[in-house]
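**Q** The structure's right below; bear with me while I get my questions together.
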Amino acid sequence: MTLRLTVSPADDLLDVARRIEVSGAAPGALVTVRATTDRAGTAWSARATYRADRSGTVRLDRDPPMTGDYGRVDGMALLTSQRPDPTPGTTVGTAPGRPAATDVSRPLRTRLDAWDESDATQRATADLVQRWTGPGVRRREVREDGLVGTLFVPPGDGPHPTIVVLNGSGGGINEQRGALYASRGVQALALGYFGAPGLPDHITRTPLEYFETALHHVHRELAPRGGIVVVSGQSRGGELALLLGATYPGLVGAVVAYVPGAHVHGSQGAADPAQGWDSPTWTLDGEPLPHLWQDNPGVTWQPWTGGPPPDRYRDVYVDGLRDRRFAAASRIPVERIAGPVACVSGMADGLWPSSMYARQVVETLRAAGHAHETLLLDYPDAGHSIALPHLPVAQGPTRHPVSGIELSAGGTPAGNAFADADSFAQVCAFVERATRVP
């Protein structure tokens with residue numbers, strides 16, 4: 001018999017799960033499958049060895065691996081378990097344990113290899129393609145009204161559900177998420193606010209008026225479906241999304257807050273070094289917004305920054321909240337949000353207590369009699385780095401792209417992979433509901 005390796009579908013969008021199958025092996029043979037992907041110029045790979053069934057078949061979505069880079073039944077684990085190949089100069093990218101950002105016009109191409117461990121002549125290969133953008137999605141840079149971002153428009157005349165996508169403390173423009181949203185029918189403005197050409201290098205003293213301008217631009221120029229603009233953010237961007245919803249309820253129609261803060265925090269790892277970690281992050285009318293670290297005697301970055309890396313900061317936030325005065329002064333008044341709210345969080349978040357914060361937001365809304373949908377997606381084994389489906393998950397420490405401090409985002413590989421895939425599907429459905437015209 002001849003070994004055969006098949007992938008179905010072989011070429012599709014990033015969020016589509018694939019069926020990977022090896023056939024033609026001897027019954028009971030040990031078969032190894034390896035996946036190698038070029039991610040922004042660096043080779044990432046993973047492998048696992050399986051025992052073929054009585055028909056000589058291995059199915060990755062059915063069979064447990066005997067050995068390898070993961071130990072669970074998971075049809076996509078060959079991709080989510082990938083790590084950079086150990087070559088000189090290899091880096092792990094710009095987010096905790098994840099690969100560097102890639103050009104959304106270039107799909108991710110993976111080579112799959114399978115071989116029989118007892119017969120070197122029995123080998124097979126296949127290709128797997130993951131696309132960021134579907135047919136007909138249009139990309140356009142936005143440099144109007146002082147804004148810096150990238151717009152992704154789905155095919156068709158619209159009007160489309162519309163979302164503004166904000167990054168967190170790493171800065172930059174999240175084109176990957178914007179492109180995939182548009183491929184699922186959601187018009188997306190991936191908006192930068194620091195850490196991109198034409199913008200400040202640091203998050204310190206970012207004016208909320210910049211986002212007010214962006215929201216007016218979206219309403220005026222992009223014809224959002226139902227006149228509703230959803231704002232989504234990750235980490236510090238999640239804090240910002242909640243803050244914008246509470247500050248501009250007439251402009252923000254719904255909020256998606258990934259691993260968010262429920263309070264305003266200082267600039268922290270994305271701070272201007274000249275102003276320090278405790279400097280204000282956001283301003284309104286030229287005045288800094290009160291934040292949790294401001295004159296708070298309960299906050300110290302020691303011993304969490306004093307021990308061996310990776311640093312885990314979660315307890316710093318818990319300590320800062322013990323004094324009710326500072327907690328109250330920095331709390332985001334989410335009850336002012338005039339639309340649906342979704343919070344996505346990880347119970348194993350190692351950077352800050354996103355699970356506690358997300359639950360606080362939802363409980364506050366419900367206690368206030370919030371008239372709109374509140375959705376809580378709180379994943380038991382997920383950490384801070386909840387991202388897009390079927391990408392390598394956070395498995396270890398890396399350096400923060402602004403501060404350079406080594407961090408560990410937390411979570412298990414299986415928990416992070418599940419949160420990535422499940423949250424994207426659920427958020428897309430949430431955005432559809434939130435913008436649906438009666």
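Placed from the backbone N, Cα and C atoms, the Cβ positions cover glycine too.
Pulled from TrEMBL, these are the listed features:
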- SER235: active site, charge relay system (ACT_SITE)
- ASP349: active site, charge relay system (ACT_SITE)
- HIS384: active site, charge relay system (ACT_SITE)
- 88-102: compositional bias 'Low complexity' (COMPBIAS)
- 207-434: domain 'BAAT/Acyl-CoA thioester hydrolase C-terminal' (DOMAIN)
- 80-104: region 'Disordered' (REGION)
**Q** What is the average pLDDT across the domain 'BAAT/Acyl-CoA thioester hydrolase C-terminal' (207-434)?
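**A** Summarising the domain 'BAAT/Acyl-CoA thioester hydrolase C-terminal' (207-434) by its mean pLDDT gives 90.
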**Q** Given a separation of at least six residues and a C-beta threshold under 8 Å, show me what packs close to SER235 (active site, charge relay system) in the same chain.
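**A** Set apart from SER235 (active site, charge relay system) by at least 6 residues yet with Cβ under 8 Å, we have GLY168, SER169, TYR258, VAL259, PRO260, GLY261, LEU351, TRP352, SER354, HIS384.
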**Q** Just to be sure I understand the packing, how many Cβ atoms besides its own are within 10 Å of the Cβ of ASP349 (active site, charge relay system)?
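**A** Result for ASP349 (active site, charge relay system): 26 neighbouring Cβ atoms inside 10 Å.
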